[in-house]
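Listed in TrEMBL for this protein:
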| type | residues | note |
| --- | --- | --- |
| TRANSMEM | 12-30 | transmembrane segment |
| TRANSMEM | 36-54 | transmembrane segment |
| TRANSMEM | 66-85 | transmembrane segment |
| TRANSMEM | 91-109 | transmembrane segment |
| TRANSMEM | 121-150 | transmembrane segment |
| TRANSMEM | 162-180 | transmembrane segment |
| TRANSMEM | 221-241 | transmembrane segment |
Amino acid sequence: MKKFNAFQIKIFLIVLMLLDHVFFAFHGLMPGWVHALTRGVAPMFAYFLVEGYFYTRDKRKYGVRLLGFAVFMHFGNMIINTLFASKNVMVDNNIFATLFVGFIVISIFEIARKNEGLVKVLLNIVAIVVAFYASTLVEGGFSVIPFIMITYFFKGNKKKQIIGYLLLSIILFFMSYVPYESITDTLKMLMYNSDFLEILAIPTILLYNGERGLNNKFSKYLFYVFYPLHLWILAALSFMIK
């Protein structure tokens, strides 16, 4: 079976991400299953965060870049939300913040590994507390942060990673499941509250060949630029149509 490098997979993820955000920007344009179909996108970028953490030559620059774009998008969203407030058009997405939290938690665990005794225990506790608390603050925290941790702790063992992802998805399913009067309404709810479908990332992970692929400034910054830009453009289009 043909496998794909990281750049090729990221292009595929960007297409899925665009479909999902078009779904939310223009309600009724696409069926609900489109949103459900794209639930593997954020987990895959979380997966590549862990890959990038261990492959980057400069972890400090990697972390600063994530933080910088998280801050940039935060203030960009504030401007967009102020400009388009009259028609209740808002952008509150910021996966950069989520990925930065994941980066920080991994970094703390890595420091803990290099220590012994009480220091190691305390650092591990700090990492767990940061991960749990930050999960309540950032986009997709309760699904993406645990996904990052599973990817990190079982790095190099896809079988254990996949078992971890499946268990996480089961937990997320029961966290989101609310029975309605009809099966149709229940399914509609599950199509919307569908973080448990992050298991859709598993086939993509299995198709990943472990190679970076195209490696230049374009490939490095494509996602960083496309992600906020397309959300803001969709917000502007939504504002004009309303």
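Just so you know, glycine gets a Cβ as well, placed from its N, Cα and C.
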Six or more residues beyond either end and a Cβ under 8 Å away: which residues meet both conditions relative to the transmembrane segment (66-85)?
91-94, 96-97, 99-100, 103, 224, 227-228, 232, 235-236, 238-239
Result, the transmembrane segment (162-180) in contact with the transmembrane segment (91-109) (3+ CB pairs under 8 Å)
no
Criterion met for the transmembrane segment (12-30) and the transmembrane segment (221-241) (at least three Cβ pairs under 8 Å)
yes
Folded-back contacts onto the transmembrane segment (121-150), same chain, C-beta under 8 angstroms, at least six residues removed
42-43, 46-47, 49-50, 92-95, 97-98, 101-102, 104-106, 108-109, 111-112, 115, 161, 164-165, 168, 172, 175, 195, 198, 201
